[in-house]
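Per TrEMBL, the features are:
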TRANSMEM  30-50  transmembrane segment
DOMAIN    44-291  domain 'G-protein coupled receptors family 1 profile'
TRANSMEM  62-81  transmembrane segment
TRANSMEM  101-123  transmembrane segment
TRANSMEM  143-161  transmembrane segment
TRANSMEM  200-228  transmembrane segment
TRANSMEM  240-262  transmembrane segment
TRANSMEM  274-293  transmembrane segment
Amino acid sequence: MISMLARNGSLVTEFVLAGLTDHPELQLPLFSMFLMIYIATVLGNFGLVTMISLSHHLHTPMYYFLFNLSFIDLCYSSVFSPKMLMNFVCEKNTISYVSCMTQLFFFLFFVISECYMLTSMAYDRYLAICNPLLYNVTMSPRVCSILSFTSYGMAFIGASAHTGCMLRLTFCNANVINHYLCDILPLLQLSCTSTYVNEVVVLIVVGINITVPSFTILISYVFILANILNIKSTQGRSKAFSTCGSHVVAISLFFGSGAFMYLNRSESMEQGKISSVFYTNVVPMLNPLIYSLRNKDVKIALKKVVVKVHSRFIP
C-alpha cells in the first residue's frame with residue numbers, strides 16, 4: 001500500500017536527513033555521546049526485559065507494565081537511532097520515501113504506546129499505595145492485559161491517522177528533512193500541497209495523547225502524594241518521596257519535551273530538534289535506571305540471574 005502511494009502521491013523518491021547539527025567539529029563528539037546513549041538504552045532495557053521474564057517473583061502487575069515499557073523503549077530507540085548515528089559519520093544520509101513513512105509510523109506507534117503505558121503504571125502505583133487491600137483484586141491479569149492492549153490500540157490509531165494523512169501529501173522538489181528522523185512537523189514543511197488537514201490532526205491526536213495521559217498521571221500522583229504525607233514514619237515518607245520524585249522527573253521530561261515539540265508552534269525547528277532529544281534519547285535511557293535499579297526486588301533478581309549465569313558457565 002505504501003509503495004503504491006509513494007508512486008502515485010509523491011514526486012520525491014528519497015529524502016535527506018539533515019541531522020542534529022551541521023557543524024563538522026561537533027560530529028565526532030556527538031556520535032560518541034549518542035552511541036553510548038544508544039548502547040546504554042539497549043543494554044538497560046533488554047536486560048530488564050530478560051530479567052523480568054526469567055524471575056518468577058517479578059511476575060506482578062507493576063513489573064508486567066515495566067516489562068512492556070522496557071520493550072517499547074528498546075524498539076522505540078532502535079527505530080531511529082541507527083539512522084541518527086549515520087548522520088554523524090556520513091556526508092549525505094538518505095532515506096527512501098517508503099522507509100521514511102515506515103519509520104514515521106513505527107516511531108509514532110512506540111511513542112504513543114509509551115504515553116499510555118506510563119499512564120497505566122501511574123494508575124498501578126496509585127492503587128498499590130492508596131488502595132492496597134483491593135490492589136490484587138483490581139489489578140487482575142485480565143485488567144493488566146486490557147490496559148496494555150488499550151495502550152497499543154491507541155498507539156496504532158494515532159500512528160495510522162498521522163501516517164495516513166502524511167501519505168496523502170505530495171512532495172515535489174524539496175527533500176531535505178531538517179531533523180535526524182522522519183517526524184511529522186519537518187515533513188509538513190516539505191509538502192507542496194495543503195497541510196491544513198495534517199495540522200488539525202496533529203492538534204487533535206497529539207493533544208489527546210499528551211493531555212489525557214499527563215492529566216491522568218497528575219491526578220494519580222496527587223492522590224499518591226496525599227497518601228504519602230499521611231505516612232507517620234519519616235524514613236518511609238522520605239523513601240516514598242524519593243521513588244515518586246524520580247518517576248515524576250522522568251514523566252515530566254517525556255511529556256514536557258513532547259508537548260514543547262508538537263504543541264508549541266512558535267518555536268524554531270532547531271529548538272524542536274533539541275527538545276526532541278529528551279523524549280527520543282534521554283528518557284528511554286533513564287527509564288531502566290529510574291524504575292529498576294533503585295528497586296530492591298530488581299536488585300535481588302539481578303543477583304540471582306548473575307549467580308545462575310556464573311554457575312552455568314563457570315564450574
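Placed from the backbone N, Cα and C atoms, the Cβ positions cover glycine too.
Curation does not apply to TrEMBL; its annotations are automatic.
Away from its own ends, the transmembrane segment (101-123) comes close to residues 2, 6, 62, 65-66, 68-69, 72-73, 75-76, 79-80, 83, 95, 147-148, 150-152, 154-156, 158-160, 162-163, 166-167, 181-184, 187, 209-210, 212-213, 216-217, 220-221, 247, 251, 254-255, 258, 279-280 of its chain (Cβ-Cβ under 8 Å, at least six residues beyond either end). Counting Cβ pairs under 8 Å that are 6 or more residues apart, the transmembrane segment (200-228) and the transmembrane segment (274-293) reach fewer than 3 and are not in contact.
In the predicted structure, the domain 'G-protein coupled receptors family 1 profile' (44-291) carries a mean pLDDT of 88.
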